[in-house]
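Participant: Got these off TrEMBL a minute ago, pasting:
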BINDING   GLU77, ASP95, LEU97  Mg(2+) 1 binding site
BINDING   ASP95, ASP98, GLU241  Mg(2+) 2 binding site
BINDING   ASP98, GLY99, SER100, SER101, TYR205, LYS235  substrate binding site
DOMAIN    30-154  domain 'Fructose-1-6-bisphosphatase class I N-terminal'
DOMAIN    169-292  domain 'Fructose-1-6-bisphosphatase class 1 C-terminal'
Amino acid sequence: MNATDPEPDPGLDPVENVVATIARSAAEIRQGLVGRRGKAGAENPSGETQVEADVWADELLADRLTSIDGVAQYASEERSEIIDGGDDRVSVAVDPLDGSSNLKSNNTMGTVFGIYDEPLPAPGSALVASGWILYGPITTMAYARDGSVTKYELTGGERTVVEEDITLPDDPLVYGFGGRVPHWHDEFREFVREIESNPEHKLRYGGAMIGDVNQVLTYGGIFAYPALEGSPRGKLRLQFEGNPIAYLIEAAGGRSSDGSRSILEVEPDDLHDRVPLHVGNAEFIDRLEDALE
Ligand SMILES: O=P(O)(O)OC[C@H]1O[C@](O)(COP(=O)(O)O)[C@@H](O)[C@@H]1O
Ligand SMILES: [Mg+2]
Ligand SMILES: [Mg+2]
């Protein structure tokens, strides 16, 4: 595909309308970051300080996505309540800006989305598609649907396929682990030591999950934001971050785990639930689960 993404078309599949709308909005979101790097003076439902761009990107996506026929619900990391538009077909959950603390230092960030065919909060098994935009030196989108992952380059309103049917490379290369090291559990620390001790493996950690997971998709490896002492569910949110990432990495032939099972099997209790997140090549996730057993 190398075409301008269309305006939402009532005749089109709502999933494709959602994806086209997010892809088309990416250039504008990127541009709108300028001048919105300061604190917004409020906290999100997870108790984190919002930056102006978090609030602005959430409002932009809420306006656009709720106006699409077939979208029943919009929910975001940056707002407490679901916007409920009725009993239409799909529910969209968004992390409008993932890694927004990187705005201050001007490092990588992203937008993450999950499209569910059940009312939110929903388990990852209800996802029908997910993806992310990465605001790197260029803007790219990784998108998973029907067990297949496609990577695009986005320029203005256009998207161009870079690669189809993406799978994680067989020889995993990179690793990145979040959370303060003194707060890691001993079993997790041991596992990390083992990964680090292989001279083939390289540390890649940028403070935005999406940048680090995109490294795993590109080079193979593992990214985790684990359970921590004092934070048994880690930091990342199940609906907005854990499920969409797990769905895409599993579609790319990798595995996800909350420590003992696929993240897609975790039943949510609350919209803003957190989940310990580990994603990457199956061999790494298998070893991780053995280590945490
Ligand atoms: O700053 P910390 O605690 O290392 O956390 C980094 C993690 O937090 C996040 O920034 C959380 O996402 P948000 O920026 O969307 O809140 C992840 O992208 C990243 O992996
Ligand atoms: Mg995030
Ligand atoms: Mg965010």
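Positions of Cβ are set from backbone N, Cα and C atoms, glycine also.
Keep in mind that TrEMBL annotations are predicted by a computer and have not been checked by a curator.
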Participant: How many Å separate the Cα atoms of LEU97 (Mg(2+) 1 binding site) and GLU241 (Mg(2+) 2 binding site)?
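Facilitator: Answer for this pair: 11 Å between alpha carbons.
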Participant: Considering only the binding-site residues GLU77, ASP95, TYR205, LYS235, which residue has the minimal Cα-Cα separation from GLU241 (Mg(2+) 2 binding site)?
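Facilitator: Sorting the binding-site residues by distance from GLU241 (Mg(2+) 2 binding site), the top entry is ASP95.
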Participant: Which binding-site residues of GLU77, ASP98, GLY99, SER100, TYR205 contact ligand 3 in the sense of C-beta under 6 Å?
Facilitator: GLU77, ASP98, SER100
Participant: Among ASP98, SER100, TYR205, LYS235, GLU241, which binding-site residues lie by ligand 2, judged by Cβ under 6 Å to any atom?
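Facilitator: Result: ASP98, GLU241.
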Participant: Name the secondary structure element type, per DSSP in three states, that contains GLU241 (Mg(2+) 2 binding site).
Facilitator: helix
Participant: At the Cα level, what's the spacing in Å between GLU77 (Mg(2+) 1 binding site) and SER101 (substrate binding site), rounded?
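Facilitator: The Cα atom of GLU77 (Mg(2+) 1 binding site) is 14 Å away from the Cα atom of SER101 (substrate binding site).
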Participant: By the count of other Cβ atoms within 10 Å, pick out the sparsest of the binding-site residues SER100, SER101.
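Facilitator: Counting other Cβ atoms within 10 Å of each of the binding-site residues SER100, SER101 gives the minimum at SER101.
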Participant: Let me know the DSSP-derived helix, strand or coil state of LEU97 (Mg(2+) 1 binding site), please.
Facilitator: strand
Participant: Around the recorded Mg(2+) 1 site, report the further residues of that chain (criterion: Cβ within 8 Å of the mean position of the Cβ atoms of GLU77, ASP95, LEU97; site residues excluded), sequence-ordered.
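Facilitator: Sorted by sequence, the hits are ASP54, ALA57, ASP58, SER76, GLU78, VAL94, PRO96, ASP98, SER100, THR111, VAL112, PHE240, GLU241.
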Participant: Taking only the Cα atoms, work out how far ASP98 (Mg(2+) 2 binding site) lies from TYR205 (substrate binding site), in Å, as a whole number.
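Facilitator: ASP98 (Mg(2+) 2 binding site) to TYR205 (substrate binding site), Cα-Cα distance: 14 Å.
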Participant: If you draw a 10 Å sphere on the Cβ of ASP95 (Mg(2+) 1 binding site), how many other Cβ atoms land inside?
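Facilitator: Result for ASP95 (Mg(2+) 1 binding site): 28 neighbouring Cβ atoms inside 10 Å.
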